[in-house]
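Asker: One structure follows; several queries about it will come next.
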Amino acid sequence: SGSSGATAVVMVALVVSHGTEYLFAAVILMGLLQLFFAAARLSKFVRLIPHPVMLGFINGLAIVIFMAQLEHFKIRDAQGAMVWMRGTPLYIMIGLVALTMVAIYLTPRLTKAIPATLAGALLTTLFVVVFKIPTVTVGDVASLAGGLPSFHLPEVPLNWHTLVVIFPYALVMAANGLVETLLTLNLIDEMIDTRGKPNQESMAQGLANVVSGFFGAMGGCAMLGESIINVGNGAIKRLSGVTTALFLLSFIVLASHWIQQVPIAALVGVMFVVVEKTFEWSSLRFFGKVPRTDIVIGILVAAITVLVNITLAVVAGVIIAALAFAWQHAKQIEVKTSINTEGHKIYTLQGTLFFASVSAFRNLFTPAEDPDVVIIDFGGARIVDHSAIEAIDALAERYEKRGKKLYLRHLSGDCRDLLEKAKDLVVFNVSE
């Protein structure tokens, strides 16, 4: 976990409009919202996210990571504007990126003693230092020198106006952070065949953000790219996260000078490998082999992830998947008709009667042509919701207006319970 683009994009607008003190207050509120989410045990619902949505999220995030690296192929011109590299600087950048990637891919074949990503970054750094190759380094981009953080209360008024200002930002940051965290947890579970604890993860994430806000930090969430690097190098326990934090703190306080000599190209190479390992290349083979709805959902979620944010992408994907599911099941309601020895017409219903199939249900019956007694056999069907009850009630009224009776039989237990609860809304008897 750490400072993530999923939350940073929201923070920029708040800092520009109200300053960093409001940001710290928003981070604290973000953590509290995540703690509430965990306490309400809502994290388990992430397991209801359909697989096409997961694929779209993963592929979209991989594209976002890739596009972010392209910014490092720009330099400032004489007027201070950012322009694409050309000539020798571009060739050097591409060469160093390629060197890093080759080292990362070859290291596991030679030794397991050192993480491949670390080996790639070290090799490229040594190559640049030894041969004094002119290229952009971490120190050219930003200074990492710092000290231990101190406790800091956000200097904002404790009133309703402050809450009105920070709540929308905190809510979006909390949602973005939780979505990326829980989906990352799901992906890692699939990679290493484990079962994570989403509520515990949400609780830890919320607590960490509350503490971050009180120490003047921007908070964050789980990061997919870094998590894949971690797992890919064999680190699957919580010790790896603690070790990462301790090393980062040590580098900033004690070894910032050395870290600032790392070429940006080395980090870009590492992230390109992350993109290659993150993107679900197998999903490209799905075209023509899976329902078109799933393909559209995956592409749409990926596009929204790239263009807007991951929370909106996942929500949109889940809604579309739910609507597609309802549409498909709405078309699966069928009926067979027969006449028994008493001259009663029997409709044998197959399928699920719910809000999406109500329209098709209405068109299955012909009150004007039916005999005086009609029986609907629900042996192969289920009544699911209030819309179904209303549809049956309306059907009974259609038969009643023509002086005919409507009966139901062979109801399953849950259907019977639903009808008993809604008995004041229906106007027919239940017969076996």
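Positions of Cβ are set from backbone N, Cα and C atoms, glycine also.
Per TrEMBL, the features are:
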DOMAIN    342-432  domain 'STAS'
TRANSMEM  52-70  transmembrane segment
TRANSMEM  90-106  transmembrane segment
TRANSMEM  118-138  transmembrane segment
TRANSMEM  158-185  transmembrane segment
TRANSMEM  206-225  transmembrane segment
TRANSMEM  245-274  transmembrane segment
TRANSMEM  295-327  transmembrane segment
Asker: When each of 52-70, 118-138, 245-274, 295-327 is checked against the transmembrane segment (206-225) for Cβ pairs under 8 Å, which one has the most?
Answerer: 52-70
Asker: Return the stretch with the most CB pairs under 8 A relative to the transmembrane segment (295-327), choosing among 52-70, 90-106, 118-138, 158-185, 245-274.
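Answerer: Out of the listed stretches, 52-70 contacts the transmembrane segment (295-327) most.
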Asker: Against the transmembrane segment (90-106), which of these stretches has the most C-beta pairs under 8 Å: 52-70, 158-185, 245-274?
Answerer: 245-274
Asker: Mind checking which residues of the chain, 6+ beyond the ends of the transmembrane segment (118-138), have their Cβ under 8 Å from one of its Cβ atoms?
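Answerer: Apart from its flanks, the transmembrane segment (118-138) reaches 72, 75, 89, 92-93, 96, 99-104, 107, 144, 233, 259-267, 269-270, 273.
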Asker: What is the pLDDT of the domain 'STAS' (342-432) when averaged and given as a whole number?
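Answerer: Computed over the domain 'STAS' (342-432), the mean pLDDT is 77 on the 0 to 100 scale.
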